[in-house]
Every structure is written in C-alpha cells, then in structure tokens.
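Participant: Structure below; questions to follow.
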Ligand SMILES: C[S@@+](CC[C@H](N)C(=O)[O-])C[C@H]1O[C@@H](n2cnc3c(N)ncnc32)[C@H](O)[C@@H]1O
C-alpha cells in the first residue's frame, strides 16, 4: 500500500490523526522535499523532529529520488506499507499525480490523506477562493532565460475580474552548469523566491509587454510562512510590497482582481497603510 500523506503547512503537529496512524504503520517513510518545505525547514533538525514524532526514520526524497528513482518508492510499496509525505496537500502540487498514476498502473493500492494547502490557506486574507482564476508559477529569471508565459494567464484572470495566485520558484538541489559540463554533479545553494523578486520580475515583464495587464498600482497580497505562528500577510500595491521585508521563506503572492465589499473589509486588516 502506498499512503500519500499531506502534512499541512505549519509544523510537524499539523499532520492529521489519520495521517499519523498511516505513517506509524508503514515500514518505510519518504518525505518529498522539493516542491515545498516545512516552515521549520528541512534541515537535519527538521527531519529529526518528524522522526521523533513518528518514532521511525524518514527518508528525504529530493527531485532526483521522486522523478528518477520513483521505482524505489513503488517497489517498496508493492510488498509493504510505504508512506510518501508531502508538505501541504499531496495534490497542491502537480508533480504527485504522476506517482499515483504509476502506482495504480502497477496494481499498487494508493490511499491519500489530505491536509491544508497553500491553495486554500491564502483564503485567510479574505479574498474568496471562488474568485480565483488559473494559478501561475513564477520562475527565477537568469541572464539568458526570462520566461513570461504567466503574463497571459494573469491578463486573462484580470480580464475576468479574478484573483491570481502566484507560486514562487524554489530551487533546491539544482546542479551547477559547470558541474553538468564536467559530468560530476555539484549543487547550487538552495534559493526561494521572495515576494519582492516576484514583483520585480512581474514589473519587468509588464514593461516589456506593455499591454497593461497590471501595473505598479495593482493591489496585491504578499504571504510568507502561511500556517506558521509567524506568518506574515501584507496587502498593498506592487510598488508598496516591493520594499516590504517578508522574512524567511516560503512566500507567495496574490494579484487582486475585482473585489466584493466584504473582501475589501477583510483586506483592510492587512493593508500597509
Ligand atoms: C507546489 S506549491 C505548494 C505545494 C504544497 N504541496 C501545498 O499543498 O501547499 C509550492 C509553492 O507554494 C508556495 N507556498 C507553499 N507553502 C507556503 C507557505 N506556507 N507560505 C507561503 N507560500 C507557500 C510557495 O510559493 C511555493 O513555492
């Protein structure tokens, strides 16, 4: 049996009782560590906090393990109980559907234990979850790679008066270009996009496109460490949020669409001024 268990957003205590029961009966426990990370970080300390709670070792599954070595997880699940833990909800990221499909094709039973996701936790700012359009991902720009396909999606959402959730790039265990050329993998230090960088990139794209999908005066909400004790939520224009210090990762951003008076009332609690 493969149990795919959501851990929620805050800390190790956000696992559900059902999730904890599943983990406790599993022979092997993997944790996905690249589409998200726990608010207390996936340092060795972070892992040992989980291990202490579960009373068993937790195997870190980075991008290579999940995408290239999924067979290891699946073959273990074919003849024993295996848990695959995901921060947030298992389906709050597109990547895990693939693991479910592969497991089912191999005849492995799959059970999913849901939890809170960033996709619904952003509701805390008062913008109705029903009023969101397509979610976009904002990748880190490099000198030679500045993809902007999110622009049309935001433009479309705004045209319909809908809010846009922007998920911000996480770069963990990225091989350096140099090491790829040499054939021996060495990794870049982890990077997590801040609200400030996201806005900088969004404004650069708007300047290049010039189609007024949004501007410096567009109202947004920035979120950091949602679900944690020290979460930070600030509403303001892109210009205002560009200089707000949101602190440690993870961050995400909502570009506000057309608002209802009740949504405005809730946003007032988070405004910069
Ligand atoms: C693939 S998504 C979410 C995955 C997770 N499984 C979930 O359901 O929440 C990862 C992105 O969501 C955002 N994110 C995740 N957790 C967050 C948090 N606690 N606070 C703010 N943003 C968060 C970040 O932009 C991050 O790059």
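For all residues, glycine too, the Cβ spot is worked out from N, Cα and C.
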Participant: Determine which of 7, 9, 17 appears in TrEMBL for the same S-adenosyl-L-methionine site as 89, 92, 117, 118, 168, 226, 251.
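Facilitator: Of the residues offered, the record points to 9.
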Participant: Using all protein chains shown, find which of the binding-site residues 9, 118, 168, 226 scores highest when you count other CB atoms within 10 A of its CB.
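Facilitator: Its Cβ has the most other Cβ atoms within 10 Å: 9.
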Participant: Taking the binding-site residues one at a time (89, 117), which has its Cβ surrounded by the most other Cβ atoms within 10 Å?
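Facilitator: In terms of Cβ crowding, the pick is 89.
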Participant: At a 10 Å cut-off from the C-beta of residue 251 (S-adenosyl-L-methionine binding site), count the other C-beta atoms across all protein chains.
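Facilitator: Step by step: centre on the Cβ of residue 251 (S-adenosyl-L-methionine binding site), count other Cβ atoms within 10 Å, giving 23.
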Participant: The record lists 9, 89, 92, 117, 118, 168, 226, 251 as binding S-adenosyl-L-methionine. What's the largest Cα to Cα distance among them, in Å, rounded to a whole number?
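Facilitator: Greatest Cα separation within the listed binding residues comes to 17 Å.
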Participant: Quick one: give me the count of other CB atoms within 10 A of the CB of residue 92 (S-adenosyl-L-methionine binding site).
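Facilitator: I get 23 for this one.
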